Amino acid sequence: MKVAVLGAAGGIGQALALLLKLQLPAGSSLSLYDVAPVTPGVAKDLSHIPTDVVVEGFAGTDPSEALKGADIVLISAGVARKPGMTRADLFGVNAGIIRSLTEKVAEQCPKACVGIITNPVNAMVAIAAEVLKKAGVYDKRKLFGITTLDILRAETFIAELKGLDPTRVTIPVIGGHSGVTILPLLSQVQNVEWSSEEEIIALTHRIQNAGTEVVEAKAGGGSATLSMAQAAARFALALVKASQGAKVVECAYVEGDGKYARFFAQPVRLGTEGVEEYLTLGKLSAFEEKALNAMLETLQGDIKSGEDFING
């Protein structure tokens, strides 16, 4: 099992690499790539940790060596949000980065599962899909926008609010990965009573705006890196388990049946070839139905911006 992390010298990338070095199955290899010259040193640093995971680091303008033979590719390359920036502000810089890296994925490891972390995820996944399609290697079962951080936040905030063990809270978060497109299905949380619709609305808004909470708290020093790394590691390890035959369910931003939008975050069952089954959303509350319908124009616009970046 070979996992490649592109953008491995950044705040998310280094933390993600550490988590994978500690948690990948014995005999795995971890390949780190970044334009930053420090990247081989990050790999050397990690290589001193005694786990049976081999780490290599590559720097420069070409990620080809890092990608050769990769089974899973995680892309966190690009610029991070700063105070006052929206995820859409990131588009201009990050779109070109995702395009060029995905072109290399298509060349070097066309059958790999690809997880996009770089924001704005709603659009970046569409860019990656169109690049892979142009290269003739697109398999919609194997391309994911990693929205797991929305789930981690929802689990944490629900547990704080209701005095629960956060490791025992499970909740699907659907839609997309920015602002109003993030929709936690609070009505589906087991063994929790909501005191009012106001409580649900307030918690939904907190989950939707949690990224901004971190950006502001870091006071210009970055965005959510450590929690995002944990989210990406959780999703990557789910892919690893699924590749070994386990039946794993996670939410991810994927191309499904197109009922709501071409790409949509929903629960999926993972298998040896990526998505094995697209699961239903279950019963939604009236508030959730309304919020779902209200987000679609924004989500579809985000997707179109990604498609148009490649197709003109």
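Quick reminder: no glycine exception, Cβ is built from N, Cα and C everywhere.
Annotation for Gly7 (NAD(+) binding site): same-chain Cβ neighbours under 8 Å, separated by at least 6 residues, are Gly13, Tyr33, Asp34, Ile75, Ser76, Ala77, Gly78, Ile117, Thr118. Residues annotated as NAD(+) binding site in Swiss-Prot, with sequence analysis given as evidence: Gly7, Ala8, Ala9, Gly10, Gly11, Ile12, Gly13, Asp34, Asn94, Ile117, Thr118, Asn119, Met228.
DSSP assigns Asn119 (substrate binding site) to coil in the three-state reduction, outside any helix or strand. The substrate binding site feature in Swiss-Prot is assigned to Arg81, Arg87, Asn119, Arg153.
DSSP gives His177 (active site, proton acceptor) a coil state; it is part of no helix or strand. What Swiss-Prot lists as active site, proton acceptor is His177.
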Next on the checklist: Could you state, as a whole number of Å, the largest distance between Cα atoms of any two of Gly7, Ala8, Ala9, Gly10, Gly11, Ile12, Gly13, Asp34, Asn94, Ile117, Thr118, Asn119, Met228, the listed NAD(+) binders?
Outcome noted: 18
Item to check | Which recorded positions sit within 10 Å of Asn94 (NAD(+) binding site) - Cα, from Arg81, Asn119, Arg153, His177 | outcome: Asn119
Item to check | Cβ-Cβ neighbours of Asn119 (substrate binding site) (radius 10 Å) | outcome: 27
Next on the checklist: What does the structure give for the C-alpha distance between Ala9 (NAD(+) binding site) and Arg81 (substrate binding site)? Integer Å is fine.
Outcome noted: 17
Next on the checklist: Using a 10 Å radius around its CB, how many other CB atoms surround Met228 (NAD(+) binding site)?
Outcome noted: 24
Item to check | Least Cβ-crowded entry, counting other Cβ within 10 Å, from the binding-site residues listed as Asn94, Thr118 | outcome: Asn94
